[in-house]
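Data first, discussion second: the structure below is written as structure tokens.
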């Protein structure tokens, strides 16, 4: 939650033996683990605790997953394939008998993909999602936000008492809060949130077999600890995914920062910027092809590459003196409007309005109560994306596009406004 400090929230905790402690404590950026080594780090004058990962820690997984006989991975979208395979491989390396089972809805076309990844009905590692949920001690719910909103009551009813619900996004908490609801009290609720898309989580895990420490960092959170196992189970889950570093958060912080980020610099705002600048440039006489190169190609190519490898300031320093002046004009004109819009986006997320809007929009995708369906539209139908098809076909391999000062100024202003 980037715009507010961590607010202490009462939470009953347990000791490592699983018995409830007499007093209440508070959610904080500290945590207690009985299995892994906790390390204190300093970041910008603030202290935080992390757990370093590595394949050498896989031998600790049986202790972290004590009491768990089956892990059910529900869903086969972005995170599902990566997490199921990484968990399976890590537990095999640890010589653990814990079963990793993929659960999918009946008739799902993803059954074929799961079988191709080595899961099968014959050996009990692939099956119906409801049977998988009912038979699992740790349920990793990796289906879409809309599916979680539509099916959470049935999911909760199928979970065993004293089982653990694992999430990789805090959306479900936000949805429940917006409805005045909560998780069942007879289960634990944890989160492990890799900071990358599923294919990257898998690819870097495989790379880590040769280079110990390769992987995607993750945050973890314990929202509800029924019997004292939740923290070590969450950390074990993160280590098993191949996370080099695991740091603590809360489900509420996670969904607010994640959705806010997606509405801003990660997705929504970037789409708005390129559409706006494309129109500006073409209306001022620039050719459509050049306008596309100076917006989309510029941001996704040279700007992103420069920021990733050399930092934000290097974008500015790469410009000529004239380019720097144009950058400064664009930056100064864009910073405060970007901040105003981003603040509004944040308030919509923090208040629950954004989540309610998403759930209602998803419900409109299907026929309901006699009303026609309104499926999600495609953003690539505008003139800019049609031009983009032509530009991309003609683009030489490895071309990162031009560094256009005005586009760079607007984009960096947005990034700094969100930071």
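Numbering starts at 1 and runs along the chain as displayed.
Note that Cβ sites are derived from N, Cα and C of the backbone, with glycine treated the same way.
What TrEMBL says about this one:
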- 258, 262: Mg(2+) 1 binding site (BINDING)
- 258: Mg(2+) 2 binding site (BINDING)
- 51-253: domain 'KARI N-terminal Rossmann' (DOMAIN)
- 250-398: domain 'KARI C-terminal knotted' (DOMAIN)
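Comparing the binding-site residues 258, 262 on other C-beta atoms within 10 angstroms of each C-beta gives the minimum for 262. Shown for the domain 'KARI C-terminal knotted' (250-398): DSSP residue counts in helix, strand and coil, namely 115 helix, 2 strand, 32 coil. Note on the domain 'KARI C-terminal knotted' (250-398): its mean pLDDT in the predicted model is 92.
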